[in-house]
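Student: Got a structure for you, questions after.
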Amino acid sequence: MTFVMAVSVSRSMCRTGRAPTLTGMRSAAKILTRPVWATLITIVIMFTAVFGGSLPFISLVNREVPLTRLLPALGIAVLALTLVYLYRRFVTGEPWSGVGLTLRWSAVGEALLGVAAGMAAILVTSLVSVALGVAQWRGFDEASLAYLPLSLLIATLNQAFPEEMLFRGHLWHTLSASLSPRTVMIATSLAFGALHIISSSPATGIGERLLYVVSAVALGFACGAARARTGAVWAAAGVHAGLHYGFRIFPLQEIHYDVQLLVQTVSLTLAGLAFLLIRAPRSRPAPVKAG
């Protein structure tokens with residue numbers, strides 16, 4: 001799309017002999033923020049960050065030096081941030097504050113709340129799946145346990161943070177300019193879920209793959225609910241990270257993965273509903289003493 005717009009601008013310059021006017025540039029930016037184009041461009045940015053941020057560091061990864069595994073993950077996170085900033089700053093002119101990455105003390109609490117919600121959903125999934133006999137616990141080996149903190153950090157940097165910054169941050173804000181909050185929630189969840197048609201999950205066959213996509217939509221809903229409730233990306237990234245933490249802290253061996261995915265979908269949906277429906281108690285004003 002960016003190439004097409006560039007060609008259009010160059011043709012305009014050839015016909016008029018002048019650079020495009022400010023009005024023309026604003027019109028182009030308006031087109032790029034329409035729902036369909038905004039969603040497609042977000043997907044392009046995501047894949048660009050994944051491949052562009054990780055490939056330069058792949059050759060530096062050394063299995064004997066576990067910390068080198070951080071490099072591709074860090075590259076993805078940094079490139080995703082950079083691309084979104086540049087795109088909003090120089091292409092669409094959208095404010096960076098709309099992404100919802102405002103640095104404030106409450107961000108820590110929001111992120112931790114999200115992590116707790118995501119992990120709780122996966123813990124419930126694990127307990128129910130084992131109880132139903134559709135999965136069984138898979139124990140830790142000493143090597144995996146030793147590198148668990150590193151594994152959690154990598155999952156945060158290469159998946160949870162960049163994906164939520166893109167979908168519940170950048171795209172969420174862009175779509176909010178033309179769509180209702182409910183439609184934004186649905187659109188971002190469906191777009192996020194559709195991407196998981198291509199995945200490295202244990203799903204086999206069309207049925208399981210479709211269920212995996214549905215579970216990803218449920219994750220998108222839970223993260224979107226966290227964004228809607230808090231107005232920032234931190235809780236959404238926390239929910240996403242909590243899901244990956246849960247997978248690693250409560251590891252399962254799949255037996256009937258389709259049923260396990262159904263349980264996971266329900267658990268994540270309930271987590272999202274909890275964000276939307278549970279209200280924090282309002283503080284009551286202190287009684288005024290009679291003078």
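Using the three backbone atoms N, Cα and C, a Cβ is placed for every residue, glycine included.
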Student: In TrEMBL, which of 1-18, 181-198 is labelled transmembrane segment?
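Tutor: Checking TrEMBL against the ranges 1-18, 181-198, the transmembrane segment one is 181-198.
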Student: What else in the chain is close to the transmembrane segment (107-132), if you only count residues 6 or more beyond its ends and a Cβ gap under 8 Å?
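Tutor: Sequence-distant neighbours of the transmembrane segment (107-132): 222-223, 226, 230, 232, 234-247, 249-250, 252, 259-260, 263-264, 267-268, 270-271, 274-275.
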